[in-house]
Amino acid sequence: MTITLGRFTKEENDLFDIMDDWLRRDRFVFVGWSGLLLFPCAYFALGGWFTGTTFVTSWYTHGLASSYLEGCNFLTAAVSTPANSLAHSLLLLWGPEAQGDFTRWCQLGGLWTFVALHGAFGLIGFMLRQFELARSVQLRPYNAIAFSAPIAVFVSVFLIYPLGQSGWFFAPSFGVAAIFRFILFFQGFHNWTLNPFHMMGVAGVLGAALLCAIHGATVENTLFEDGDGANTFRAFNPTQAEETYSMVTANRFWSQIFGVAFSNKRWLHFFMLFVPVTGLWMSALGVVGLALNLRAYDFVSQEIRAAEDPEFETFYTKNILLNEGIRAWMAAQDQPHENLIFPEEVLPRGNAL
């Protein structure tokens, strides 16, 4: 048997090699293969949002003004969801609804699906960008894994939830006040604050904020190579190469405060990664459950007793009444196409009224 040692050579004009060389070249803004997905999608998502909030009305879909042109400001402008009658249509510009008419497409809510889908793929492109760069400089991919958490929340809230409901209409519109309205909707119709997945999400986000504050303060407190500056910001060089804080001192401090403390940096930083990422993933799973109309905790015995005994009321039963009020008052405002009219006598009132 003959073994030939040599180097396999490709054609010098191989298109893939030419593209790979150009895309992954060291430049001020890295492009990469992921950039082919990230940059166009981010451009179209942001461009669609700025266009919608500046010029496009929601009169035909929600009966609302939603653009700067109509008098909204940054907090009240939004790119609104399509009308409920359009269900889960992709609302393509050339589709049967708009038939290539850009003005009609905007009036029907086509910009929302445009922004939502390009936004989702743009976020995925950003995560792939982190994978690609980590691989290029031989880092672990934990940044990309961490970024999967906000992607999961975005996809579950803006895409999976409305897919489980009757249409895109019930997704959040892209605007500040619009998101607030959606939060009230989630509470009134799903009792979201009493959902265990929401509780885990809150614990993750607030816990991560606490960990971040503690960690930053501890590192600042245990610097042992300070300069002679008058304050913390002048007292050390932010570009120095070596670590100049004492893990041992930090460990002794927190051992005295709590009785326990992290003894190595890997476990400490993994915990800071784990807490927020797990919290956001749990929130995303909870929203997937809401897409299927899964219920939060129900304490029916308290509801029955409150209905029978005017003197018995808990914070839970008060919240249930508040949710009923949100549903009754909000449904007529939020779904004008249904022509819902609730007589005064069916609107909920607490035991105190």
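Using the three backbone atoms N, Cα and C, a Cβ is placed for every residue, glycine included.
Looking at 153-166, 265-278, 321-334, the stretch flagged in Swiss-Prot as transmembrane segment turns out to be 153-166.
Checked against Swiss-Prot, the range among 82-102, 187-207, 208-228 recorded as transmembrane segment is 208-228. Matching 125-141, 244-260 against Swiss-Prot, the residues noted as transmembrane segment span 125-141. Fewest Cβ neighbours within 10 Å among the binding-site residues Q130, N143: that distinction goes to N143. Of all the binding-site residues listed here (H118, H198, H215, H269), H269 has the Cα closest to the Cα of N143 (pheophytin a binding site).
Ranked by Cβ pairs under 8 Å to the transmembrane segment (125-141), the stretches 41-61, 153-166, 279-295 are led by 41-61. For the transmembrane segment (279-295), the residues of the chain that approach it from at least six positions outside its boundaries are 148-150, 152-153, 155-157, 160-165, 186, 190-192, 195-198, 200-205, 207-208, judged by C-beta separation under 8 angstroms. Residue environment of F262 (plastoquinone binding site) contains 19 other Cβ atoms, counted within 10 Å of its Cβ in all protein chains.
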